[in-house]
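Comments concern the structure below.
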Amino acid sequence: MSLLQFSGLFVVWLLCTLFIATLTWFEFRRVRFNFNVFFSLLFLLTFFFGFPLTSVLVFRFDVGVAPPEILLQALLSAGCFYAVYYVTYKTRLRKRTTDVPRRPLFTMNRVETNLTWVILMGIALVSVGIFFMHNGFLLFRLNSYSQIFSSEVSGVALKRFFYFFIPAMLVVYFLRQDSKAWLFFLVSTVAFGLLTYMIVGGTRANIIIAFAIFLFIGIIRGWISLWMLAAAGVLGIVGMFWLALKRYGMNVSGDEAFYTFLYLTRDTFSPWENLALLLQNYDNIDFQGLAPIVRDFYVFIPSWLWPGRPSMVLNSANYFTWEVLNNHSGLAISPTLIGSLVVMGGALFIPLGAIVVGLIIKWFDWLYELGNRETNRYKAAILHSFCFGAIFNMIVLAREGLDSFVSRVVFFIVVFGACLMIAKLLYWLFESAGLIHKRTKSSLRTQVEG
């Protein structure tokens, strides 16, 4: 890449970054937080944060990258995607009407809400316990990170339930919403994330997500400033780099450490070059249609229920890894959101995907606002826990693609909804057995006086 080519790319990168950052800033000033703000920051991180890192790798360490015209296509496709997404998100689908009282879809009380978070936490802890009994601490047993996907590790399906510890702790926080509950959320979820990091053998997702949710709650409540958020972001990048070194068993120093920091940080937070690699091989892609979305559900079907289930699932990430990169190391390489759309239907699917994503984020913001307006604090805690708990799925959406997002968000909704139903069933059984006694003002006054 020549200096002139880099200058052209830099101008395009700067314009796209300023465009998205400006719209995000105006939205932040208007509402302080919603899921449009979160997705916009996530989109910036995924598709634009990596460009400066790539530039340093090219000019400082002479690392080979895709041709400049392909990198330009990647930047422009990301910028155009966001423009279509933003217009879709801001488009009003129906006329604004005065709030008419409607019959609520469901209600929650204190016992049902507490039962819900206990069940969610129980699912996570039991899953971790069973996985640990089968495999022990994989971080200290395996020689390479790719081995966690091998036949040496049993009970891999249990890892999908670990994440429900975070929604459980979110319910606990939203029931109190004070600084002590906020700090308790951070300590409990990060501690759980570190435990799963050691047990699973290097998975950092629970730690990243817990820390991100903690920061956004702090921003919403005004407990941290933007400068503190930026400092925490830098600390998070350094922390993730250190965990990555431990995961891959690397011991580096000097220039090698700087080089390793650049490419690991780029691959962890901003795999935008993967989109460029897909575009570089555009003519060789056999468009998969909507099949990757259907195939991604295969991993949630037990083999005893479907004996002939394919052992290898050809979703967009695996198609990119196996067919485009010809990489059979055992790791699936993230194609990014736009990359997954390219795999499914080429350039035509990019604006269509942007419209779909705009509607998805719009739905989450509608649900979030519903929680903000809810007068029943227990129902509000459940709604907010569901919305913030889905942040993991939005990260999957930006990094892994639309197919991975759809299967995971459906799984999340099913498990979360099942926990709600079980909590309500248990409450009904306890109440029928006479074990539930409603609190009265007189009993509360007696407790206080006593």
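Cβ from N, Cα, C; glycine included.
The transmembrane segment annotation in Swiss-Prot covers 6-26, 37-57, 63-83, 118-138, 155-175, 181-201, 207-227, 228-248, 341-361, 378-398, 410-430.
Counted over residue pairs separated by six or more positions, the transmembrane segment (181-201) shares at least 3 Cβ pairs under 8 angstroms with the transmembrane segment (118-138), which defines the two as touching. Of the Cβ pairs linking the transmembrane segment (341-361) with the transmembrane segment (118-138) and spaced 6 or more residues apart, fewer than 3 are under 8 Å, so the two regions do not touch. As a quick check, the transmembrane segment (118-138) and the transmembrane segment (6-26) miss the bar of 3 or more Cβ pairs under 8 A, pairs 6 or more apart, so the two do not touch. Outside the transmembrane segment (155-175) by six or more residues, the chain places 113, 116-118, 120-121, 123-125, 127-128, 130-131, 134-135, 148-149, 181-182, 184-185, 188-189, 192, 196, 200, 203, 205-206, 209-210, 213, 217, 299-300, 302, 377-378, 380-382, 384-386, 388-389, 392, 411, 415-416, 419 with a CB less than 8 A from a CB of the stretch. As a quick check, the transmembrane segment (63-83) and the transmembrane segment (207-227) miss the bar of 3 or more Cβ pairs under 8 A, pairs 6 or more apart, so the two do not touch. Here the transmembrane segment (378-398) has long-range neighbours at 35, 38-39, 42-43, 45-46, 104, 106-110, 112-113, 116-117, 163-164, 166-168, 170-171, 174-175, 205, 208-209, 212-213, 216-217, 336-337, 357, 360-361, 364, 367-368, 370-372, 404-405, 408-409, 412, 416, 420, meaning same-chain residues at least 6 beyond its ends whose C-beta is under 8 angstroms from one of its own.
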